[in-house]
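Noted in TrEMBL for the protein shown:
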{"type": "DOMAIN", "residues": "B:5-70", "note": "domain 'P-type ATPase N-terminal'"}
{"type": "TRANSMEM", "residues": "B:44-61", "note": "transmembrane segment"}
{"type": "DOMAIN", "residues": "B:100-162", "note": "domain 'P-type ATPase A'"}
{"type": "TRANSMEM", "residues": "B:268-290", "note": "transmembrane segment"}
{"type": "BINDING", "residues": "B:Asp381, B:Thr383, B:Asp752, B:Asp756", "note": "Mg(2+) binding site"}
{"type": "ACT_SITE", "residues": "B:Asp381", "note": "active site, 4-aspartylphosphate intermediate"}
{"type": "BINDING", "residues": "B:Asp381, B:Lys382, B:Thr383, B:Glu459, B:Phe500, B:Lys524, B:Arg556, B:Thr636, B:Gly637, B:Asp638, B:Arg727, B:Lys733, B:Asn755, B:Asp756", "note": "ATP binding site"}
{"type": "TRANSMEM", "residues": "B:818-838", "note": "transmembrane segment"}
{"type": "TRANSMEM", "residues": "B:844-861", "note": "transmembrane segment"}
{"type": "TRANSMEM", "residues": "B:891-911", "note": "transmembrane segment"}
{"type": "TRANSMEM", "residues": "B:923-941", "note": "transmembrane segment"}
{"type": "TRANSMEM", "residues": "B:948-968", "note": "transmembrane segment"}
{"type": "TRANSMEM", "residues": "B:988-1010", "note": "transmembrane segment"}
Amino acid sequence: MSSGDAALQSSSSKASKKPTYSRFTQQELPACKPILTPELIMAAFIFLGITFIPIGLSHLSASDHVVELIDRYDEDCIPVDNSNSEAAYNKRIGYIQDVKTDKTCTRTLIVPKKMKHPIFVYYQLDDFYQNHRRYVKSRNDEQYRNPAADHKTAHCEPESMNNDNQPIVPCGLIAWSLFNDTYSFSVNGNSLPINKKGIAWESDKTHKFGSKVYPKNFQSRSLIGGAKLNESIPLNQQEDLLVWMRTAALPNFRKLYGRIETDLEANEMIKVVINNNYNTYTFKGKKKLVISTTTWIGGKNDFLGKVYITVGGICLFIAVAFISVYLIRPRPLGDPAYLSWNLDPASN
Amino acid sequence: MKRYVYINDDNLAQDLYCDNRISNRKYTIWNFLPKNLWEQFSRFMNQYFLLIACLQLWSLITPVNPASTWGPLIFIFAVSAIKEAWDDYNRYLSDKKANEKEVWIVRQGIRKLIQAQDVRVGNIVWLRENDEVPCDLVLLGTADPQGICYVETAALDGETDLKTRVIPSACMGIDIELLHKIKGVIECPGPDKDIRRLDANMRLFPPFLDNDMFPLTIKNTLLQSCYLRNTEWACGVAVYTGNETKLGMCRGVPEPKLTAVDAMIDKLTGAIFVFQIVVVIVLGIAGNVWKDTEARKLWYVRYPKQGPWYELLIIPLRFELLCSIMIPISIKVSLDLVKGLYAKFIDWDDHMVDLETKTRSNAANTAISEDLGQVEYILTDKTGTLTENKMIFKRCCISGRFYGNENGDALTDTELLNAVSSGSADVIRFLKVMAICNTVIPVRSKSGAISYKAQSQDEEALVRAAARLHMVLANKNGNILEINLNASLLQYEVLDILEFTSERKRMSVVVKDCQSGKIFLLSKGADEAILPHSHAGQEIRTYAETVEQYAQLGLRTLCLAWRELDDDEYQEWALMFKDANSTLIDREWRVAEACQRLEHDLEILGVAAIEDRLQDGVPETIATLRKAGINFWMLTGDKQNTAIQIALSCNFVSPEPKGQLLMVDGKTEDEVCRSLERVLLTMRITNTEPKDVAFVVDGWALEIALKHYRKAFTELAILSRTAICCRVTPSQKAQLVELLKTCDYRTLAIGDGGNDVRMIQQADIGVGISGREGLQAARAADYSIGKFRFLKRLILVHGRYSYNRTAFLSQYSFYKSLLICFIQIFFSFISGVSGTSLFNSVSLMAYNVFYTSVPVLVSVLDKDLSERTVMQHPQILFYCQAGRLLNPSTFAGWFGRSLFHAIVVFAITIHSYALEKSEMEEVSMVALSGCIWLQAFVVALETNSFTVLQHLAIWGNLVGFYAINWIVSAIPSSGMYTIMFRLCKQPLYWITMILIVAAGMGPVLALKYFRYTYRSSKINILQQAERLGGPILSLGNIESQTRTLEKDLSPLSISLPKNRNSSVYEPLLTESPNSTRRSLGAGAPFDFFQSQSRLSTNYSRNCKDN
């Protein structure tokens, strides 16, 4: 060894006594250097496997406990056949856009299992792009919150001003296209009350929408989108609107319609009278009525449970595979023999 | 452009030239903003970001708040601008200090104190001892009656010894009072940057002297920034001022160097840019198609029937903005930051402190640390770099008698001592030449001890040796030189000095013996510069052989000679010499010619041999670095034999029979061509043999080869791992660097002297040794180190870590940007291809600026292998050299990983937050949290060593993410109001996070483990060996092999051609290198390399060469 390296060593022994900042500057901070040993990896995968499968199972069982009633009514509540023909398509549009027709429609649902309250009533729209860029941006939160900000209709185009150039409150396409089907339920002839209070987020009611902001000039233009609003109720009490304004990120979504505060027994017949007003026929979207209970995971959703079990299974499989490879072809870690420059070129 | 400087004329030429205000500033207050912005926007990346930011101002297409791009952009620009402004302000302050320094000048015949900036050309400036020279002056008078003064030129050229300056002979003897009134004119060339030359003339006006022209040289000047030493006062006339001084002209902004890593990052950025454009075009078309077929049916979207003319552009532009985050804006800042830190680590490194001089290593260029890890060629100077440049007189041969051959030290050779004391005439003459023929200045300290100040280490060694042999150079008083010989005092008058130049390779002095009045010419120089000029009939063969013999021992040789001159001859010559010295055009050449006329018929006195010891650790360093696959070229001005000897002694080449030296020589084109072809042929043949072949070329042959046979020489350069180039000039050194650079090799040039500066500046990385030849090289270099052996640590530790860290950091930056961008793209498929952003502005901005940049910054502390392991297995540097950690294929890995992770995050998010939970803000936050969780684990998985800081950054960042989002969620006016609180209360959220992490990291982990264990790279194996704490391999084994190169230099198996075995003993002459290369390329082990940079192929080719 040269004297230079000796000097190197002596100074390195000096450095180890130095304070931390100097260890930092010398890049000598104490470090933990884990490596991927077979034991560690196998333990990790086995652990993942044996924890994920139970989580998945419990998730699945929770999902299984959810009683869910789905009724697609858009096709049946319209007196047009289900064909895909152009004529039927036009007929459907003609029907839904005709304001004079009575669009009441009665559906009968059978409760498959006992449903404990609270029971949630949702409407589900499929292929409805609430996340479309033109749509999702067409709102002005300032106007909704602040009673003095009527005129703030930026971003709300093309639903910002009415024909007399008065600002529309609430402005924007989202509010304009508010869902307007209504449902009334009855069980065995007795009407089943739907609690429509408290379906919106509390924070929306207290902060996002003003208690002194009243609808103005809403749906007053020739082209009417969806529901109209009672102009005497402030925006933050219009819970249907608040729910609707929480735009969905996905084209298939459910929105809370109300809650049923009583239990429903198995095999009970629910009669639902639907006012089928909302136009999903132009874009061939679906409308569904969903009645569902919830558990700790929320509504029915098998996805997570299945994926958990799959991932857990794969982890176990990987662990087994690694173990068998480890047993069949053990390879010592850090064997210098694998360093090619230690290999004799002749043996290669 | 000549300038005429009228001395001490207050009216004339005042405003013709600039004042003495020094300005190093780049900006003024007024032009700072436009100029700085212009500079910043001349970079493509910045233009790109600016364009994106401008597009975002168009609210129709912007997916997010423009602030999310403008914020970081302005921040980044502000940081760069503030840094520039700060540097400029500091320059301004130091300028101001220099400008406001007070100096004495003469105005109207009276000495006045003014600020340095007010000095004008033609003013007479008075300096006192230890004053700094404020501008370039021509000396007029000094306190010394002989007109001599001493200056320290350290600030100018880094040389710390004192130099003498003399007043022009015209001014000799002018009284101090008269100096105030002196008038005259100096005719000098326009400002230039040559600090070693001034070809000017001076004429004093009557009554001072007759109208005669007097030559001025650099010896008559005091240049700006030098210091006056050992002289009570001096005065001179300002000839160049302000930024037109020699120093001012030397200043220049060196070309910024771009590292290979930067180039690769630029390339990858370009690729991503193309990818982005493709995505934008595809999605743009899809978006427009979807809009026309589907979206028009969505009555609630209310597409107008007739859009504006640019309607078709809107959706593509939206996607352009949505995808603009693919190119991370943070990468520039992150890289600048970590690069600064790499440089700091070099500055801080205690292991690279030269304990003798207490100098630390210094990284002057903070931007190129990664390149250190990718060096393929090291071009090194010999003297002062490999050797200590501490010259010691070791042997001599005086009139055929050898001294110092037995004990290796002539100074203790009794024979020589006896010869001195007995007064042997030959020996005394030899010693006299040693003591007199030089420019050494003896400085007598107060205690009476004499120390020598010399510009040349050789001269100092000779004078010291002479002093040891009782021939003491005691005093130099103007032209009178005193020598103590055995207590008797000899006086000589120095009449002329025929200076050393690298072309002449000799120097002579003409002296007059004050006792006898005889005139002598004393010469010393290289053998080939002296021996041919010996007088006819002298037996010079013995000397030539002696020189040869000494050179074989690695000693530097100087031939000493003398001649007695006739008075007439001298007088005649002196006129000619003076004439030559006063020419303005081609003075150097004319002077050389004049010297030639005197230096003939010399009597050779003997040969002095000076040892230049190897620095500590040089052979080990070279061996280690060659094991690391770095090729060494030695470029030296020394002679061939000395160079070869040094090369042998420092492991540069192996001795016969293992090593083989091939000479490229010749004096004519034909000879060089033949020799070059011969060498090439041999090289091609031995290509396949495990032999250490090196070629040796001298400056002359190199000149011809570079001029006429560039192609052949380039091929030779590629084939040869080692080369020794001797007798090369500074510009040839630079040319060789250039040659290797054109072959796409990463070059590192290391040197210590002024003659290495050009090579250092030319190379990809310039390393200067802050050594005894001054700081000139260290100043010009990107890195300066105290000793050659620190190069090992600089490359293997700092270079390697820097490369590894940057490779990770840059690819990771792209990974995280792509990750979030892919999610946006996927989301566009479920949002009607309309260009909706899933993430809100705050999240997008914070994602790049906070959430993902902090953890990755601490990767500057990551060490894949310990320093010890790397030092023991320098071969591991191959991974850096060949760019194995950052290249298109590794990048593809990261690209794939980000795609996979984006799929995982997106699929799990939209399925677990489906239907009644599909609220926009929640889904967006779930996806974002998924990304943050994944990236934390990715950083953790890719980190090799966790220090406290890493834990803090990785996990702290995760906590920080929630903290920031809780804060934002608590602000009622923000779009995210209450979102994070809602999510954190849902078990579903946490289950989703766990699933995203497991599904995202599981396969990555499994794959990594599999590769780590069953397809392990050498790095992995060493990591395992190092951390399992087992006996670290065959260490002793390897240590003992440091000098036996063969085994260690055997190539890595990955690059080992299958046919190696068979080809080793194949008959020679069958394979040309081209065919070899082709067969390599087709070989199975090489397929893996094909996609990678050609560095790897080069490398394997080189590996094969040994």
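Any Cβ shown, glycine's included, is placed from N, Cα and C.
Known features from TrEMBL, placed on the structure.
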residue: B:Asp381; record: Mg(2+) binding site; CB count, 10 Å: 31
residue: B:Thr383; record: Mg(2+) binding site; CB count, 10 Å: 27
residue: B:Phe500; record: ATP binding site; CB count, 10 Å: 20
residue: B:Arg556; record: ATP binding site; CB count, 10 Å: 23
residue: B:Gly637; record: ATP binding site; CB count, 10 Å: 23
residue: B:Arg727; record: ATP binding site; CB count, 10 Å: 22
residue: B:Asp752; record: Mg(2+) binding site; CB count, 10 Å: 31
residue: B:Asn755; record: ATP binding site; CB count, 10 Å: 23
residue: B:Asp756; record: Mg(2+) binding site; CB count, 10 Å: 33
Please tell me which one of the binding-site residues listed here (B:Phe500, B:Arg556, B:Arg727, B:Asn755) sits closest to B:Asp381 (Mg(2+) binding site), measuring Cα to Cα? B:Asn755
What whole-number Å value do you get for the CA-CA distance of B:Thr383 (Mg(2+) binding site) and B:Gly637 (ATP binding site)? 9
B:Asp756 (Mg(2+) binding site) and B:Phe500 (ATP binding site), Cα-Cα, nearest whole angstrom: 18
Residues of the parent chain within Cβ reach of the transmembrane segment (B:891-911), under 8 Å, 6 or more residues beyond its termini: 268, 271, 811-812, 814-816, 818-820, 822-823, 826-827, 830, 918, 923, 926-927, 930-931, 934, 938, 992, 995-996, 999-1000, 1003-1004
When each of B:44-61, B:268-290, B:818-838, B:844-861, B:923-941 is checked against the transmembrane segment (B:948-968) for Cβ pairs under 8 Å, which one has the most? B:844-861
In the same chain, which residue numbers or ranges, 6 or more beyond the ends of the transmembrane segment (B:818-838), come under 8 angstroms Cβ to Cβ? 61, 63-64, 272, 279, 283, 286-287, 290-291, 294-295, 298, 315, 318-319, 321-323, 325-326, 844, 847, 894-895, 898-899, 901-903, 905-906, 910, 923-924, 927, 931, 934-935
Using DSSP and three states only, what is B:Arg727 (ATP binding site)? coil
What residues elsewhere in the chain lie close to the transmembrane segment (B:268-290), defined as a C-beta under 8 angstroms and at least 6 residues from its ends? 45, 48, 312, 315-320, 323-324, 326-327, 810, 814, 818, 825, 828, 832-835, 888, 891
Can you figure out which of B:Arg556, B:Gly637, B:Arg727 (the binding-site residues) comes closest in space to B:Asp756 (Mg(2+) binding site), comparing Cα atoms? B:Gly637
By Cα geometry, the one of the binding-site residues (B:Arg556, B:Gly637, B:Arg727) nearest B:Asp752 (Mg(2+) binding site) is B:Gly637
Coarse DSSP state, helix versus strand versus coil, of B:Arg556 (ATP binding site): strand
Over the span of the domain 'P-type ATPase N-terminal' (B:5-70), count residues by DSSP class, listing helix, strand and coil in order. 26 helix, 3 strand, 37 coil
Model confidence over the domain 'P-type ATPase A' (B:100-162), as mean pLDDT, sits at 80
Would you mind splitting the domain 'P-type ATPase A' (B:100-162) into helix, strand and coil residue counts from DSSP? 8 helix, 31 strand, 24 coil
